[in-house]
Amino acid sequence: MSPLSLPVATLGTPRIGPRRELKLALESYWAGKISEQQLHEDAFGLRAANWARQKSLGVTIIPSNDFSLYDQVLDTSVMVGAIPEIYAANGESVSLQTYFAMARGSQCGEQDASCAQSPRGSGVPAQEMTKWFDTNYHYMVPEFYRGQAFRLCSRKPVEEYEEARALGFQTRPVLIGPVTFLKLGKSTDSAFQPLSLLDDLIPVYIDLLHELAKRGASWVQFDEPCLVLDLDEAARNSLLHAYNRFAKEGPAIKIMLASYFGALGDNLDTALSLPISGLHVDLVRAPELLDQIVADGRSDLVMSLGVIDGRNVWRSNLPSLRQRLKPSIAKLGRHRVQLAPSCSLLHVPVDVELETGLASDVKSWLAFSVQKMRELAILARVLAGDQNVGLALAESECAATARRTSPKIHNANVAVRMRAIDQTMRQRATPFARRSEIQRERFGLPAFPTTTIGSFPQTTAVRNARAAHARGAMSEEQYDRFLKEEIARAVRWQEDIGLDVLVHGEFERNDMVQYFSEQLAGFAFTRNGWVQSYGSRCVRPPILFGDVVRPKPITVEWWRYAQSLTSKPMKAMLTGPVTILNWSFVRDDIPRSEVCRQLALAMRDEVRDLENAGAAMIQIDEAALREGLPLRRSDWKAYLDWAGDCFRICSSGVTDQTQIHTHMCYSEFNDIIGAIAAMDADVISIETSRSKMELLDAFRRYEYPNQIGPGVYDIHSPRVPETDEMKELIVLARTRLQDSQLWVNPDCGLKTRKWEEVRPALANMVAAARELRAASDPQIR
């Protein structure tokens, strides 16, 4: 490190590669096209490139063990031996086959050891998956039970540290801290507290720390983002207990404790009292922490200042940051300061320079992972007194000014519409009880009506046609004809298997958010701006930079064509305003609530156009509602108020005869059920198959009045559930809700699955519903 620079650290970087090389390797391995050895070689290549890239950009504290073939929490479960018996691991080492069975489920084959403990001949399900704090990344939920034993079953952190060292990189290994790991998990015993396992877990971490120290590691990064949550005294005491034991029984290795995604709040004193050598704080989400740690922090504590936004794509105003940070760094002392992103850069794309199709002005406002590391290096130099970065500072300030004053940002007509929103636009004209009677008469559906969430498999043929159309190799007329053939085929097949409410399959859509945002003013789009959602699943979030306008109808003609092919109800499919917001990179110059209301007005226009075209069922997906929930309960009400308000603005312009559906996934509803009910959707479908219908307990306790489609088919796994398996889930749902409330559907859309998986699974689902109808009280048929 230059004497005219502060240390620059990253907490983690994107794993997928600049062009999604990890996705290609994983899917090739799962398809049997490459060997396990080749997969490991490809993964090593990505790690080596990441380390080299960081060093070349001026990062001086480089992480290792931030890479994962699927998920870092799953890696931790495997590392400590937290592997459910159903996956048949031997407790000493874990095969890649078992690892992926935990992640994806498994269809039993001759070589599938995990099937040895399967209660079904058809394989094992994947572990439950949920959102990582309030991000769009997913982790595999650890499973804990009373008396659980832990042991070091994977040396991955040591192996990757040694890999880096052999290449000449001195790294800081990254570990998920034991308290966060236990708090992220679940137990089937509701009375059991996973934190009670802490003393059994700590020795595994201590063994690992000794191994790392023996191999030359001087620092280790413990991620404890649970520190930004509402913690009780038991959790705070657990943190104190764990890190005191590390200090007492561990090696002389320095610990950088990383918190991120929010303020430490009432956990700050706990964090500052831990026997650690460094503390990372998120100064993007919690800028007030800077003054607090300057005033209250220990004089021997290295402070890692998370000053560059690791979760959004906007370029920083470096002169403004310099002005803000300089006095605080002077008080702390340069020897006690590291500069870092607010969190891991896992949540942003790799490199904006790969984008050749963005407007030059919009591109100049952006910073992806590579650019953020470069910004940190420049900021580190200027704060250390380097006078040779004046041009870089001027360019940064110029970009910030250009963005702030650009005519692309503000639209006067949008401002007029926003001021015109009144209470009549925020609610349905009639209560649900009356609407449901009208809709029941209109549709005449059987008990346990069957439907899907919207999308069908995006086959190679569909993707190739879309790509050919995008590059001009397929004309608009040819592409339109191709899509109509796909829709017609899907409609015929749905009728053949007996689904009650049909969908058109969404073959024209690249992504449920991108498809809509591409047809709304105020958005920009990337070609290589991918971020990891889970495993090989990558998403390319739109960039919402300005006021939102819908120039023309988006879905009406596709719905009209699909409905013309059948006499059964055809759901129109939309993505809701809250989900578009939460799955986009959003402008940071106005409140998110205001941005969301702009989106709600645009989608309200689409809903009304669909109804005018004849659509009787309109689904407005709010899959991402819960992930926008603030991490601190005290902030929940404000978010839920404006999020629900935006959904109702979007959905309430229709008549009583029109049935509004919504879909939510990866959600826990116990603590927000009142807000869900206030959205007043006629039908809500939710993901419940992995949780064995546990999520429905919230609806039962609340006496939720509207209709619900609990998912009976886990679409995140390739395995095909049997009819009896889905019947069991429906029976569980019937113990929690009235039969008249229940719909039968998969957990989520089927875009990422294959037809050979979808066809038998949906046929089994329809059979399950029909068998239950036949066996039920005739009055509900």
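Indices start at 1 and increase along the chain as displayed.
Placement of Cβ uses the backbone N, Cα and C atoms for every residue, glycine included.
The candidate list Glu687, Glu728, Glu757, Glu771 contains one residue that Swiss-Prot assigns to the Zn(2+) site with His663, Cys665, Cys748, namely Glu687. Per Swiss-Prot, L-homocysteine is bound by Ile453, Gly454, Ser455, Glu506; the candidate from Asp609, Asp621, Asp635, Asp641 named for the same site is Asp621. Site annotation (Swiss-Prot): 5-methyltetrahydropteroyltri-L-glutamate is bound by Arg20, Glu21, Leu22, Lys23, Arg537, Cys538, Trp583, Glu627, and the candidate from Lys131, Lys692, Lys727, Lys751 recorded at this site is Lys131. Considering only the binding-site residues His663, Glu687, Cys748, the residue whose Cα is spatially closest to the Cα of Ser455 (L-homocysteine binding site) is Cys748. A distance of 20 Å separates the Cα atom of Arg20 (5-methyltetrahydropteroyltri-L-glutamate binding site) from that of His716 (active site, proton donor). With the fewest other Cβ atoms inside 10 Å of its Cβ, the least crowded of the binding-site residues Leu22, Ile453, Cys538, Cys665, Cys748 in this structure is Cys538.
A helical conformation is recorded for Glu627 (5-methyltetrahydropteroyltri-L-glutamate binding site) in the three-state DSSP classification. Straight-line distance linking the Cα atoms of Gly454 (L-homocysteine binding site) and Glu627 (5-methyltetrahydropteroyltri-L-glutamate binding site), rounded to a whole number, equals 21 Å.
Note on proximity: of the recorded positions Ile453, Cys665, Glu687, His716, Cys748, the one nearest Lys131 (5-methyltetrahydropteroyltri-L-glutamate binding site) is Cys665, by Cα distance.
In the three-state DSSP assignment, the secondary structure recorded for Gly454 (L-homocysteine binding site) is coil.
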